[in-house]
Amino acid sequence: MKVALFVTCVNDLVFPGTGRAVVEVLERLGHTVEFPVEQGCCGQMHANSGYREEALPLVANFVKTFDGYDAVVGPSGSCVAMVRDWYPKLAPDSGEVVARTYELSEFLVDVLGVTDVGATFPHRVTYHPTCHGLRMLRLGDRPRRLLESVRGLELLDLPGAEECCGFGGTFAMKNAGVSGAMLADKCRSIVDTGAEYVAAVDNSCLAHIGGGLSRAGGPAKPIHYAEILAAS
Amino acid sequence: MSGGNIVARLPFPVAARKELGDAQLRANLRNATHTIRDKRLRMVGEVPDWEELRRSGAAIKDDVLSRLPELLTQFEAAATAAGATVHWARDAAEACAVVTALVRDTGTAEVVKVKSMVTQEIGLNDSLEAAGIAAVETDLAELIVQLAGDTPSHILVPAIHYNRSQIRDIFHRNGLSALTDDPPALAEAARRHLRAKFLSARVGISGANFAVAESGTLVVVESEGNGRMCLTLPETLISVVGIEKILPTFRDLEVFLQLLPRSSTGERMNPYTSLWTGVTPGDGPQTVHIVLVDNGRTETLADDVGRQALRCIRCSACLNVCPVYERVGGHAYGSVYPGPIGAILSPQLSGGGANRTLPYASTLCGACYDACPVRINIPEVLVHLRQTGPHPPAERAAMRALSWIMRDRRRYAAALRAARRGAAPIRWATGRRGAVRHLPWPLSKWTSTRDAPLPAKQTFREWWAHERTR
């Protein structure tokens, strides 16, 4: 299958290891991964902050860049949700691309029919389902099923898992106090599980959570679940 | 023109900061919202066709909104035929003037009220007070708030920000004696206080949860029985009703009387459902007035995306699941409509200029949309309302620049490279920690509560170009 990697801008600049992990996992499963270099940001930050006009050229660029691939796979719940939920409203010609754009766990579980990707990660891990993956993409237990199939991994339940961590894009800056209060509660729940790692499908949420854990001096470390799936 | 208590006096971030400092408030809220949230989940889980009910509720409300003038006219005709007098009010001032004049005509100086969001929205109690008329709130939580000289902070549980010992103190200060802070003891003290008011009042003021167009019937759904006392004991009843409360037929009630109690109090059925149609000789109020209030609803109706906020049945399920509301409470929203629904309703009802920070008071986590019994896509409306700002100049410039850079591969790659290079000395300075503690404005807002990550040593596209394309 001709799979295009949609790496997302945050991953490209700050978390390139997540992009490399997706490549590793898909190639291990026997697929060819292409990285269309024309790709940029999906426009979520602009659209969600009230800059629709500024988002439109980014939407157009995405549609043009990923046209013609069998599948577009992105390791980000919120960026894929942007494509799936907002593109049809913002760009009427985006239907074809939108229908073939998947968050990694959807692609692995639904399209490839795989839950065991052959990974080994002998650590205690807790999983935070991020809001857009949970409520816009309805990822359900797909990421958990993938993690449960990882050898050596002990998956610990996170109390209040489905509550938002307080990131919310520009919300983290515009309402920093409220965001910080939500983050404090999330970090406490994570630390209380005794996990070594907190995994999620979104590095933006993890950057916020990781920043909180690092400030509080907690032992848990943030990790994108694709990097766990790539570990062997 | 609109007005009343739907305009926030402070921007949300400023008001929220103040509330965040109150640890007691946060504890009270957490307790209360989690209890009611769990209860709602259990009750909703019992209904096998809940999703279909939600869709029916949304469809009925959308139908109403699409032919509101026709249904309102039908309601007016039916209610008038049944002996009620219907009044129309364009805004808060007009509505207050109508009600105040009606009360004054009866010559009474005290009215009993059953909780009504729209009378709070229009600021009726202040208007009555200015005319020398005391309005007694009879809903227990509403009474607590009134005795405390406070304002409600939740649509359904207006005193949610108080715990029981705080309530006992409020009662003591007002001469209502309860020996303990046991809820039954507190309720008994309130009951004794209110009983005297019910028996002496000559005028009752109510809202309505629903108004049935085909029969001119009004419906109030409540838990304590105080509503029924207000609706049946006084000689004169004045019902103040938002024009969006209309339902076409009696049959439509079937859907909403299932959706509302399970979503709001987490009950299968609410204890008291009162329906009244005009005047019945020898039974109940002998003079019935209905004041239909617009106050910004017609303008909201004109917005294709935003009008879905008018489906709201004031159940408050969205408040109870909202992580932002849970931290700051209702007062931070500066409006009688707090929480997620308030963040989309208040700015629309109050028109362009006011409440412009409220649509940003959300992480767009979507919990509210899932909980809403009439499927109001609150995140969608929040984003829609953000299109009109406020857009601070520095933010607008940054957004424009980023859009210009990110739409072009060469500009984008160059910017990523520059960011990666720019971070190199900082990475060196932070050493093994690899995270930044303090950043200059405006990024200092990020580092106020959390460390910041640094750009990687090599961007993904640099890695790809280096490893994969040779």
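Any Cβ shown, glycine's included, is placed from N, Cα and C.
As annotated by TrEMBL, domain 'LUD' applies to B:73-293.
Marked as domain '4Fe-4S ferredoxin-type' by TrEMBL: B:309-376. Over the domain '4Fe-4S ferredoxin-type' (B:309-376), the average per-residue pLDDT in this prediction is 95.
The domain 'Lactate utilization protein B C-terminal' annotation in TrEMBL covers B:387-467. Counting residue by residue with DSSP, the domain 'Lactate utilization protein B C-terminal' (B:387-467) contains 51 helix, 4 strand, 26 coil.
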By DSSP assignment, list the helix, strand and coil residue numbers for the domain '4Fe-4S ferredoxin-type' (B:309-376), in that order.
36 helix, 0 strand, 32 coil
